[in-house]
């Protein structure tokens, strides 16, 4: 962005209302260039943002934010919105530590009406905001902008049903429509679409409804008959359009890159006093030929070379890739294995499986709850379903994990990708809750691999079990093999790495924290403090006697975990040791018994964590290698211990 560019002069959405259409075209070109430059450098969501520039400008030309609220579904297509609402000077910090979020964030701007990150939530949120405005005597309009992909989520249709029933003036803009929504048919339907938003038609409709409704005794009944007749007529020309069936007016399709047309339709839509769906067709990746040709490759992308679109090469394999390879290897030997994803085939590493075993691959769409119950159904029919799902999206299916899977003790395997801190995407995408959510669930087993070989061993072991099993792993490079962790899997037992016979400090960790712990252990050794490492392998169940036997020779135990501290495995293990020490010495000498061991837990504290690199998030959360070193040294030198009141005696399921 240059000093004298149009974009540099846009301080807020009101400024774009002063521009001519020629200036708007120039502004769109500048915005495309800025998005391409910043995403090329920082990484981010490219194709979707390049496709909604004109739509975003048109929305802000017609409506007045923040008086009128715009809710962006998922939110990854909000870059233009951010730039024209006073954040263009900081746009270069997009997705960087302490920089702009890649998603709408109320804490960032009054123009961000609602925080989003997960799909299919916008219509529900927008409807709630609209009702809140009405109750507060606020006349502002509310617009939900949702992509056709997010329309595969059931929550979107729940909200449409509710909105149609309430008959409030909610505006839903569907971007693209390449899924399953039928196009209108014939010239008359196009006329009807134009007529629906014409001001004269709307005034006539209002006066007619009012006049008919005022007829004594039969007015309301007549209105009801006319309303049903109108819906029936629309159904003929809209081929059973689902939005009409929900009680919405329906407008479109509209060219999403023609700002004159967009503004004209939006101005008419703004005057409606009933819910309306406006279908806008856009080109994903618009203006960047490589993204137009292959929008999927440029949906979410790391830093790349703009000239050829190539991402910086990294020879290391990721945990996602390691999982994909291991699953294909297992499926080649076992025809019962099926793979399920919730619209994240590539992101979860299932593309190779899909190409090799298309009849055993299932994409449930953005419907995590359905995906889990579908997998449970497969398991009940004798299959071995593996549901690959991001940790952050697993949260959306907890009821199905408990009700449909675990109560029946069905052998569904959950491959939980992006467990632990997730770089760049912020609070809505952190994978910090899965252990705390799944540990209390009866019949559930949770494993945490630290390497490619260990992941393969765990998957092979899981496929031989008859209960629900979760295998959680981070969004990170995956070590090929850690020799100590290549031994066979024993239920509830981890692996001890002894660095010295004289070690008095033990550091326990989940697989995703092993590299940080290993680095910390090396630093401590250099400082003359020897530590041993215990890779827990299992977050559940825990072989308590085995674990207590491992820890009995250590005076200082530090528990490290890539999840929330509240409800953590580490807190459970700490309570197990404290309970054991208390019982060992007897209730009369409880305090003396606890002094035999000093313990501490390093995990993510009770807050939401922002975007940044994994190392920046580790440091910000106080669980980096440096913090582990400090905690171990403090534990070794302090004279006090954790009080008994902090330990919750929990019985392992």
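Cβ atoms here come from the backbone N, Cα and C positions, even for glycine.
Swiss-Prot lists 76, 117, 118, 119, 149, 150, 177, 288, 368 with the feature thiamine diphosphate binding site, giving sequence analysis as the kind of evidence. Look at Swiss-Prot and you will find 148, 177 tagged as Mg(2+) binding site.
Fewest Cβ neighbours within 10 Å among the binding-site residues 148, 368: that distinction goes to 148.
Cβ neighbour count for residue 76 (thiamine diphosphate binding site) (all protein chains, 10 Å cutoff from its Cβ): 22.
In the three-state DSSP assignment, the secondary structure recorded for residue 368 (thiamine diphosphate binding site) is helix.
The Cβ neighbour count for residue 118 (thiamine diphosphate binding site), using a 10 Å radius and every protein chain shown, is 21. When other Cβ atoms within 10 Å of the Cβ of residue 149 (thiamine diphosphate binding site) are tallied across all protein chains shown, the result is 20.
Straight-line distance linking the Cα atoms of residue 368 (thiamine diphosphate binding site) and residue 148 (Mg(2+) binding site), rounded to a whole number, equals 17 Å. The two recorded residues, residue 148 (Mg(2+) binding site) and residue 76 (thiamine diphosphate binding site), show a Cα separation of 14 Å.
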